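Handing you a structure now.
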Amino acid sequence: MRILLTNDDGIHAEGLAALERIARTLSDDVWIVAPETDQSGLAHSLSLSEPLRLRKISDKHFALRGTPTDCVIMGIRQVMDIKPDLVLSGVNSGSNVADDVTYSGTIAGAIEGTMQGVRSFALSQAYLYEDGARIVPWEVCETHAPALLEKLMDLDLPEGTFLNLNFPNCRPGEVDGAEVTMQGKLAFNLQVDARSDGRGFPYYWLKFGERAGAFIEGTDIHALKHNKISVTPLKLDLTDYSVTDRVARALGYGAQV
């Protein structure tokens, strides 16, 4: 089995090293095409206004000046001579749950793999932020991901569907199993931090405020809060079929499929 790895935290990220160790429990044929620099929050974006620069680190390790989406395309279309059987994106430093999935470059890696016709998984590890530092328990995903992936790899998923795996912030022995979940809802409360440079010109940082949400049973955020691994099936089709008829009636058309 051929496995292609990517991430959004960059080629030197601890989570990518963890993902490689996870992948090597499944196969010896592991390839990496990951961003040269941190691409967090770039979602499913493409580099269209500048060239992609590929740097070979070793026979199956490459760094790309591009987004996670670019990396998967380059891996499948340029770097690998034979299409991979599996795309793994991650392991992200921090969970990708609720509305996070719309911003996430980690999720985008799995989206692009799915669009390329390859079974794909996104993996993310929740962490504790304490005294201005991230404390990421990588051993949780490394302990539990291999067996989980073994069970899920041969699952007959519909076309256009991939799985989003999130690992809780706890010790490996405290994980209370895995739960199939749906997306929860968290308010991002993004704020703008306005500053001035040395010449008095303004510049801005986006920063996160307090995140609030309803930890409803069955959601990804509820699972993580209760030390469970969340497994959320996501699909590329964003159509809201529940309102198509209402929209059609508002426009004076008949019922839609």
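Placed from the backbone N, Cα and C atoms, the Cβ positions cover glycine too.
Copying in the features that Swiss-Prot gives for the protein in this structure:
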BINDING   Asp8, Asp9, Ser40, Asn92  divalent metal cation binding site
Among all the protein chains here, how many other CB atoms are within 10 A of the CB of Ser40 (divalent metal cation binding site)?
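Result for Ser40 (divalent metal cation binding site): 20 other Cβ atoms within 10 Å.
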Say we define neighbours as other CB atoms within 10 Å of the CB. Which of the binding-site residues Asp8, Asp9 has the fewest?
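Minimum Cβ neighbour count within 10 Å, taken over the binding-site residues Asp8, Asp9, occurs at Asp9.
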Compute the centroid of the Cβ atoms of Asp8, Asp9, Ser40, Asn92, then list the same-chain residues not in that set whose Cβ lies within 8 Å of it, in sequence order, for the divalent metal cation site.
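Apart from the listed residues, the neighbours are Asn7, Gly10, Ala13, Gly15, Asp38, Gln39, Pro68, Gly90, Ser93, Gly94, Ser104, Gly105, Thr106.
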To see if you understand the setup: which same-chain residues, six or more apart in sequence, place their Cβ under 8 Å from that of Asn92 (divalent metal cation binding site)?
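Counting only residues 6 or more apart in sequence, the Cβ neighbours of Asn92 (divalent metal cation binding site) under 8 Å are Asn7, Asp8, Asp9, Gly15, Ser104, Thr106, Ala122, Leu123, Ser124, Gln125.
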Does DSSP give Asp9 (divalent metal cation binding site) helix, strand or coil?
coil
